[in-house]
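Trainee: The structure is given below, and queries will be raised subsequently.
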Amino acid sequence: MKKIAVLTSGGDSPGMNAAVRAVVRKALFHDVEVYGVYQGYLGLLTNNIKPMERGTVGDKIQRGGTFLQSARCPEFKDKEVRQKGIDNLNALGIEGLVVVGGDGSYRGAQRLSEEGINTIGIPGTIDNDINGTDFTIGFDTALNTIIDAIDKIRDTASSHERTFIIEVMGRDAGDLALWSALAGGAETVLVPEHKKDIKEVADKIQQGIERGKKHSIIVVAEGVMSGDECAEQLKKYINVDTRVSVLGHMQRGGSPSGVDRVLASRLGAYAVELLMEGESGLAVGIQNNKLTKTKFEDIFSSQHVLDERMFRLTNELSI
Ligand code: ATP
């Protein structure tokens with residue numbers, strides 16, 4: 001394989017730049033020409049494809065977001081539309097493509113693989129909701145951003161004896177909520193994978209108050225309900241002073257953590273190795289600290305599952 005390209009797609013995540021850097025440098029190290037596709041799949045269609053040099057990815061490893069930019073491109077689901085992208089790659093002699101993104105981006109990559117472009121996926125999303133890998137790029141950074149917020153909120157919650165509801169990202173996956181609740185010492189976590197009775201939550205807060213607890217922190221994943229809705233529902237059962245904090249897009253930003261930079265570098269380089277070996281239709285990942293590859297169809301065949309043991313532990317430690 002003499003020419004490959006890389007793009008970032010879907011929601012951005014800290015560490016995408018480190019992954020792109022690794023793809024570019026690893027390819028150049030092996031004398032493979034490498035192109036960057038700007039604006040994800042949209043850039044494939046608009047031919048926004050530019051050669052990458054060593055220096056193009058200089059001073060990028062520490063930056064959040066994605067310098068290649070990302071865009072939603074729903075029309076990419078259409079085969080005829082995709083063919084335009086394939087034609088653009090063919091015109092440049094590009095035979096392989098690395099796609100950094102989430103589940104949706106993998107579906108586009110799978111289609112391209114079936115239609116003649118060798119593709120490898122790299123898991124780039126803060127949600128940690130992709131099968132075939134223990135961790136996605138950006139999860140660790142987002143987790144630390146949330147923990148930092150919880151620690152700060154805890155200070156003020158304690159001073160004013162308040163119950164704080166912290167709404168975090170996670171439409172379908174509760175990993176960010178669960179890990180941050182455990183690491184932040186939250187009293188309660190609400191995740192999409194488990195229905196929890198709000199009365200139970202209220203009872204627990206009440207018991208805490210009776211024991212002399214100064215504050216309570218509830219972490220709620222956006223996929224369960226909004227922070228405001230959670231506060232409304234709590235009011236039905238308990239009379240406490242509640243405040244809601246919606247962390248929002250700050251969770252997606254910031255300089256990637258060391259863990260994310262290392263993960264991105266390892267996965268980016270591995271993706272290039274696989275393309276050089278003629279592999280396609282696979283996503284790379286890390287399982288038990290070993291690099292792994294998984295067919296896209298296996299990734300899509302089951303739902304991401306929450307770590308039940310950790311869920312129980314979070315509840316046990318917050319008594
Ligand atoms: P995140 O998890 O951060 O939202 P994602 O990769 O799942 O990331 P999506 O918006 O679902 O984000 O998908 C990104 C892009 O992938 C879409 O804009 C579209 O261009 C492409 N895509 C999604 N689903 C398909 C599909 N079924 N077939 C072809 N392309 C798809």
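Please read every residue number as a count from 1 along the shown chain.
Any Cβ shown, glycine's included, is placed from N, Cα and C.
Got these off TrEMBL a minute ago, pasting:
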type     : residues                                                                                               : note
ACT_SITE : Asp127                                                                                                 : active site, proton acceptor
BINDING  : Gly11, Arg72, Cys73, Gly102, Asp103, Gly104, Ser105                                                    : ATP binding site
BINDING  : Arg21, Ala22, Val23, Val24, Arg25, Arg154, Gly185, Ala186, Glu187, Arg211, Lys213, Lys214, His215      : ADP binding site
BINDING  : Asp103                                                                                                 : Mg(2+) binding site
BINDING  : Thr125, Ile126, Asp127, Arg162, Met169, Gly170, Arg171, Glu222, Arg243, His249, Met250, Gln251, Arg252 : substrate binding site
DOMAIN   : 3-275                                                                                                  : domain 'Phosphofructokinase'
Trainee: Pick out which of the binding-site residues Val23, Cys73, Met169, Met250 has the most other Cβ atoms within 10 Å of its own Cβ.
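Mentor: Max Cβ neighbours within 10 Å, all protein chains included: Val23.
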Trainee: For the binding-site residues Arg72, Lys213, Arg252, which Cβ has the most other Cβ atoms within 10 Å, all shown protein chains included?
Mentor: Arg252
Trainee: What's the longest C-alpha separation between any two of Gly11, Arg72, Cys73, Gly102, Asp103, Gly104, Ser105, the listed ATP-binding residues, in angstrom?
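Mentor: Those residues reach a largest Cα separation of 14 Å.
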Trainee: Write down the Cα-Cα distance for Thr125 (substrate binding site) and Gly104 (ATP binding site), rounded and given in Å.
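Mentor: Pair distance, Cα basis, whole Å: 11 Å.
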Trainee: Do you know offhand how many angstrom separate Arg21 (ADP binding site) and Arg171 (substrate binding site) by C-alpha?
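Mentor: With distance taken Cα to Cα, Arg171 (substrate binding site) is 29 Å from Arg21 (ADP binding site).
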Trainee: Which secondary structure state does DSSP assign to Met250 (substrate binding site), in the simple three-class scheme?
Mentor: helix
Trainee: List the residues in the vicinity of the ATP site, defined as same-chain residues other than Gly11, Arg72, Cys73, Gly102, Asp103, Gly104, Ser105 with C-beta within 8 angstroms of the site's C-beta centre.
Mentor: Ser9, Gly10, Gly40, Ser70, Gly101, Gly108
Trainee: What binding-site residues in Arg25, Arg72, Asp103, Gly104, Ser105, Thr125 place CB under 6 Å from ligand 1?
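Mentor: If the test is a Cβ under 6 Å from any atom of ligand 1, the answer is Arg72, Asp103, Gly104, Ser105, Thr125.
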